[in-house]
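Trainee: Before anything else, here's the structure in question.
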Amino acid sequence: MQGPPRSLRAGLSLDDFIPGHLQSHIGSSSRGTRVPVIRNGGSNTLNFQFHDPAPRTVCNGGYTPRRDASQHPDPAWYQTWPGPGSKPSASTKIPASQHTQNWSATWTKDSKRRDKRWVKYEGIGPVDESGMPIAPRSSVDRPRDWYRRMFQQIHRKMPDLQLDWTFEEPPRDPRHLGAQQRPAHRPGPATSSSGRSWDHSEELPRSTFNYRPGAFSTVLQPSNQVLRRREKVDNVWTEESWNQFLQELETGQRPKKPLVDDPGEKPSQPIEVLLERELAELSAELDKDLRAIETRLPSPKSSPAPRRAPEQRPPAGPASAWSSSYPHAPYLGSARSLSPHKMADGGSPFLGRRDFVYPSSTRDPSASNGGGSPARREEKKRKAARLKFDFQAQSPKELTLQKGDIVYIHKEVDKNWLEGEHHGRLGIFPANYVEVLPADEIPKPIKPPTYQVLEYGEAVAQYTFKGDLEVELSFRKGEHICLIRKVNENWYEGRITGTGRQGIFPASYVQVSREPRLRLCDDGPQLPTSPRLTAAARSARHPSSPSALRSPADPIDLGGQTSPRRTGFSFPTQEPRPQTQNLGTPGPALSHSRGPSHPLDLGTSSPNTSQIHWTPYRAMYQYRPQNEDELELREGDRVDVMQQCDDGWFVGVSRRTQKFGTFPGNYVAPV
């Protein structure tokens, strides 16, 4: 009798020698609970082997072994494709006895067994060429190891490369060389699978968990420091850290403490400080290079700077403070809120700062050393200018200057601002506040004239006067007033007898019994003035003193009558002619008809001379007065300005209405 085939002998197991009545219940349970398990890594094809997941039972004192899948024929299993080393079968459905471990199988939908079970992988399941798991986490037996392998592969270090050739680096500028010089030959201490390696001074990728803001690249670090850092990074992930990390992934809760302590040293200073320090170093190096270039170039010959003509500059629109109150006035500035003295008129002495950007110390190399090379600095110091108006600094970069001061120009910041020096102080100031002196003129400051009171006057108040400004003197009817000086035909300066109150007041409110006598003390040359008009002497005091007084109207020759209301001011004529002043007797009710005027700080006004400057202006926009002491302006009106206050308001006379008053300075432009 011919023996069984060799294939059948190879398929026999211990179950074939157990009686059937002892293994019938085991076979039925194994057929219902078999779970396919993927072995051999699961790459390319899926090779199934079935086993019973339940523990084996003991029969007759021995363990009952599992049955192999080849011993249980099942019509629901079909051949899909042959595994390596096997031959495909010609028939579609084959007996179960012919299944081997190298055959792959699929589960058919028409089968009666439709139990849904997860396919379990042994260990971490199949992996790709790099060792990263490709199976889902829920289908593996050891999810913690799967997590560990996945994390290690994501954050693994790139294999070291080894270069078998040598090369020479081109010579570099010593300023741009790093702290670690690169050798010409790169020996590779560690060889990877590709046979290449790099020097430790090269940049090595590290874990993203160890990233510290502000840390520099490892290219600029010594090799021993890089090696120490690599050792720290490799040793930080302990078993406790892994367990905490995996628990966080499974539960979805945040860790109570950091998983890994930062092995690197913490920066002693914030990143902002480090960046500012680097920027300052780069700026200093750039300034040094530019200064070196300037020393090599020949300095141009100095030429006298032309005189500025502020009258030729086009005026700008009114400030935002008035544009918000009067919709009819055009708004040409920015949306930033500004005080009235910050005007955008390039020709007005009260230059606006809305479009000015203060120059940075790194923009121009000459700003750091005060004017570049010594030759160029001497040339710029020869450009002297005299202040035409008082200028009060609004920021630390600006210079506070008085009228008549001499300032030495260092450079021109832009068309509206200059940088110069005054008594050792360096700062910026408006260009149209100064008058550049010719090169042949000796720069000499002009001191304002001083006055000496020879005899005080006396007056008695006929009406009660309440001053609207700080410089005005309020008094009641019947009080005796000591007259200090006569400001003009309409105003006096005096103080209440027996008190310390002092100020200016209208001449029509008092009965003068004796006029004051003054003497002008000139210690220097007079400021250039217009020859058209003559004016009486007036004193000038600092605005911070208690006697800081400024007149809303400087002395001029008047024609016609005047009243306590400061709107009946006559227009100044071209030639002065003496007129007798005919003062009317105002009623007491006139003292209550004065409305609240706009608060003007006349104590900081610029005219500090015995002669007045009449500057013609033309109204560019319409302005409606809000108080009785303000002028009404219409577009095209001619106005003679005699005083320009630091708050942006002008004091002058309208040729159209023949009235005297105040008005915003950026509504007019010089003619």
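Just so you know, glycine gets a Cβ as well, placed from its N, Cα and C.
Pulled these features from Swiss-Prot for this protein:
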COMPBIAS  88-108  compositional bias 'Polar residues'
DOMAIN    115-187  domain 'SoHo'
MOD_RES   S348  phosphoserine
COMPBIAS  359-368  compositional bias 'Polar residues'
DOMAIN    380-439  domain 'SH3 1'
REGION    380-515  region 'Binds to vinculin'
MOD_RES   S395  phosphoserine
MOD_RES   S530  phosphoserine
MOD_RES   S544  phosphoserine
MOD_RES   S545  phosphoserine
MOD_RES   S547  phosphoserine
MOD_RES   S551  phosphoserine
COMPBIAS  560-584  compositional bias 'Polar residues'
MOD_RES   S563  phosphoserine
REGION    612-671  region 'Binds to SOS'
DOMAIN    612-671  domain 'SH3 3'
Trainee: Going by DSSP assignments with H, G and I as helix and E and B as strand, what are the residue counts for the domain 'SH3 1' (380-439)?
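Mentor: Going through the domain 'SH3 1' (380-439) residue by residue, I get 5 helix, 29 strand, 26 coil.
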Trainee: Please work out the helix, strand and coil residue numbers for the region 'Binds to SOS' (612-671) from the DSSP assignment.
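Mentor: Across the region 'Binds to SOS' (612-671), DSSP assigns the residues as follows: 3 helix, 30 strand, 27 coil.
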Trainee: Relative to the Cβ position of S395 (phosphoserine), how many further Cβ atoms are located within 10 Å?
Mentor: 9
Trainee: Mean pLDDT across the domain 'SH3 1' (380-439), rounded to an integer, is what?
Mentor: 86
